[in-house]
Amino acid sequence: MFDAVPPAETQPEEPVDPIGLFVTRPQDGEVTAGGNITFTAKVAGESLLKKPSMKWFKGKWMDLASKVGKHLQLHDSYDRNNKVYTFEMEIIEANMTFAGGYRCEVSSKDKFDSSNFNLIVNGKMNSCHLLSYSYFFSFLCSSTIPSGTQQLLDKHLKNRSEEGDGKSDSQPDVDVWEILRKAPPSEYEKIAFQYGITDLRGMLKRLKRIKKEEKKSTAFLKKLDPAYQVDKGQKIKLMVEVANPDADVKWLKNGQEIQVSGRYIFEAIGNKRILTINHCSLADDAAYECVVAEEKSFTELFVKEPPILITHPLEDQMVMVGERVEFECEVSEEGATVKWEKDGVELTREETFKYRFKKDGKKQYLIINESTKEDSGHYTVKTNGGVSVAELIVQEKKLEVYQSIADLTVKARDQAVFKCEVSDENVKGIWLKNGKEVVPDERIKISHIGRIHKLTIEDVTPGDEADYSFIPQGFAYNLSAKLQFLEVKIDFVPREEPPKIHLDCLGQSPDTIVVVAENKLRLDVPISGDPTPTLLFESEGRVRVEKHEDHCVFIIEGAEKEDEGVYRVTVKNPVGEDKADITVKVIDVPDPPEAPKISNIGEDYCTVQWQPPTYDGGQPVLGYILERKKKKSYRWMRLNFDLLKELTYEAKRMIEGVVYEMRIYAVNSIGMSRPSPASQPFMPIAPPSEPTHFTVEDVSDTTVALKWRPPERIGAGGLDGYIVEYCKDGSSEWTPALPGLTERTTALIKDLVTGDKLYFRVKAINLAGESGAAIIKEPITVQEIMQRPKIWLPRHLRQTLVKKVGETINIMIPFQGKPRPKISWMKDGQTLDSKDVGIRNSNTDTILFIRKAELHHSGAYEVTLQIENMTDTVAITIQIIDKPGPPQNIKLADVWGFNVALEWTPPQDDGNAQILGYTVQKADKKTMEWYTVYDHYRRTNCVVSDLIMGNEYFFRVFSENLCGLSETAATTKNPAYIQKTGMDLQPVQGFLKVRLIYGTELRVLHPKIFWYKNKVDLSGDAKYRMFSKQGVLTLEIRKPTPFDGGFYTCKAVNERGEAEIECRLDVRGNQINIMDNINFAGKNQQ
């Protein structure tokens, strides 16, 4: 692949355009097939209110925006320092069909500019091609070509592509000889460079000898258009008209013949041959040919893709280092091409295959197998019809322990359960007993459900007493607890021992049992006494008591907050009684906080505030976890991994213009609460920047006119309007100049005090608040400044303005002058009648309006501006024209043979415009069907020839000017009769009477004609041209001058004799009186 770089000597400095919008226009380029080339256009942005619109075209009308893809990319950027917009069109892997003319158009509000440039795509040629071309084109330098070389040259140039690098099957045949013959002179240098012609001067000498005009097509009445465009999935018809209705045609696509199928339909209707393509796809974007015999008609079909829309946008994601990331979006069309970017940089398949792109129907995926901290950022998917942005946050792995394992004291044959809870439900771990890994069996069970890990030991034995630990994999944590085996010893006591309760609350405060909500509470209370005491239990809760001979068991299934309280246990026997109070405390995760409140919203940040939960779960709140999501999304993203200790947090890295929601979790030593209700939806927006180019446009005694341009940055909050204020010089109090906001970028401040010195400022306002102020640094004095009147006459009014009768006339003439000048209109020195003509005046222009122009509106108009004793005047000439009247005094001057001589005079009414010519028509008296004999005929006499013997003819003449032909024509009163049996000519002014008898033989002796001026023969003078047609002799004098005046003689000579006639020519100024048509029959001497 090659990048096209023009030769060093053809790389001039980029020109700066001082007139149009372009700073730099695209230059002509040249590239080798398969290479890349970029065309660049730069537009001055300093005078533009917003970003201009740029369109790229191929040919005259083919919009390239729909062709963006594998081979074409469009880019744009903005240089804020120099205020220059840069637009680029990049052509990738160019092929031969890309060559041709291109155009770019830039527009911004009322401004427009365009630029044309050309692209040449060269085929890949080896050195043999260049040497052979140099050899053959050397013959072009000589005046003659050796025998046989012409045929060899034609054959070589026509079959050049067959001698290439073996790729002739895919490259079209190029007949360079035909290219040279048909090319305009401006293309010679490009062709010479493209095909290796080294002697351009010699080529031009040879080409001048052999160049011929292109033959008109004999096979086609109408060929294919140069190009067609159709939307994808639609139908298109390609049609030609052939000269022979029975001719067979062939249709080719990229050089291959098209066969009839369901998508391709051939039709033949009379002379028309139609190819219909149904359900056009991108595969139909190709070059097509219609072949009739040896002739071809070419065209290109461009298939335009509809814009690809994003139907399901990307969603924000937050992952840990090393985890897999998968961005998913859904587009409107299966298999569509999309572009992925990270922080504005396009993503590609790198050698390490870090990014993987996947398509599944309408779904598009971006996959990062192992994420790193550097992968954090904003990811964008783009189509030609939409954009979607999502944020990826990659955090380092950090594990939090929500609930650690606790020491247990268990009796024989009871169940022991160690339980812990960690923050990551995907983390696995191992259990250790005295440093050795615990192997599960029928009695020992290990479970992992979500974030909770459990070790369960059934039928505890003394051998189970040990230190147990849980170690999460991949983290430096060790959660330890001790299992104590409770051995019940029964000592022999004498009879009648009073009852005794042996209560041990597992190291807690005296007689207090702490249990985690939803856990099972089982408390063994040993008792002693002889005889066996009776157990009494006082409780209103859900406590279940199991009584045994030497102990009792208190059980609460799934402890709840309502189970908290003091439980009294009483044992009695005949000897006495014993009592104990057991306090049960249930601890839980906190209640969810209330919905957070959002404040201090900025461009990409906001402040989140919340209150502590009403119930902390019986344990102090350790901190808070904050989450956010987009309004239309279902995925919440965590914003912090370390617990937030404060009740406020500044959330950052949000996308301006996107609606978000926030929620909060409270965390204590037991775990994390349920989420709070979502906050009110909010949108990160920022105030716009200050307005630009704030200036004073005009000042009068009581008013000041201001103007400015919109801010450079408006943001997603839009622009609600502007507030204009003023402040007196020496004061610090700003006063609103306008009531409320104004949406315009101009303001007229009225009712000011003459002579005050005022400062002015303007601010832009949107939902986020006010922008900074644009201030005029120097105070403005409120006082009228006199300005001399000046009329700026438009260029097209400096010449005569020509309009047709009935058309509308609307003339606007701008001017300047202060105070407002007095304006007066005059026509031909008289004041204009306001009933007939409309006039509207403003502070900057005056308008003359005529709804329907009439002939009397023609004349010289004057506009005068007056300010006190100063004036300015301009003149405008308006010419109203109409169709002329018919010619006058038409008559038959003479009839002889098959000819009729007509004469007429110009029309009386020329329609206020010069008569451009006449149209002469004839009609047979039998049919009265009129046929045109002459059109645009300038003289007032003519000879109508080739009439039919024995018929009678009427003649009519129309006059013509800029408006067209006259409504009516001048018609001869009497018909001209063409004699059938003979011809009788009377000798009048050089005419000879000849009588031909029907059936006799007449030998015609054509005479030789000679013209003389003042007895000098004019035969060899190039200034004169002589014609002879059917007895009418004409002498034409080119560009006559006064020196061409004199006596002219026409002389005819044949074997039978001679005849001559003389006329006089006077050349007076711009008028010429000449009789240069002489009808001559000659003298017949027997």
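Including glycine, each Cβ sits where the backbone N, Cα and C put it.
According to TrEMBL, the feature domain 'Ig-like' maps to 12-120 (among others).
The domain 'Ig-like' annotation in TrEMBL covers 215-292 (among others). Per-residue confidence over the domain 'Ig-like' (215-292) averages out at a pLDDT of 87.
The annotation domain 'Ig-like' is assigned in TrEMBL to 306-400 (among others).
Annotated domain 'Fibronectin type-III' per TrEMBL: 592-688 (among others), in sequence order.
Here the domain 'Fibronectin type-III' (690-785) is broken down by DSSP into helix, strand and coil counts: 0 helix, 45 strand, 51 coil. According to TrEMBL, the feature domain 'Fibronectin type-III' maps to 690-785 (among others).
Under DSSP, the residues of the domain 'Ig-like' (789-877) split into helix, strand and coil as follows: 6 helix, 52 strand, 31 coil. The feature domain 'Ig-like' is assigned by TrEMBL to 789-877 (among others).
Residue counts for the domain 'Fibronectin type-III' (886-981) under DSSP, helix first, then strand, then coil, are 0 helix, 52 strand, 44 coil. The domain 'Fibronectin type-III' annotation in TrEMBL covers 886-981 (among others).
Summarised by DSSP class, the composition of the domain 'Ig-like' (1007-1062) is 3 helix, 35 strand, 18 coil. Summarising the annotation, TrEMBL assigns domain 'Ig-like' to 1007-1062 (among others).
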Message: Counting by DSSP secondary structure, give me helix, strand and coil numbers for the domain 'Ig-like' (215-292).
response: 3 helix, 40 strand, 35 coil
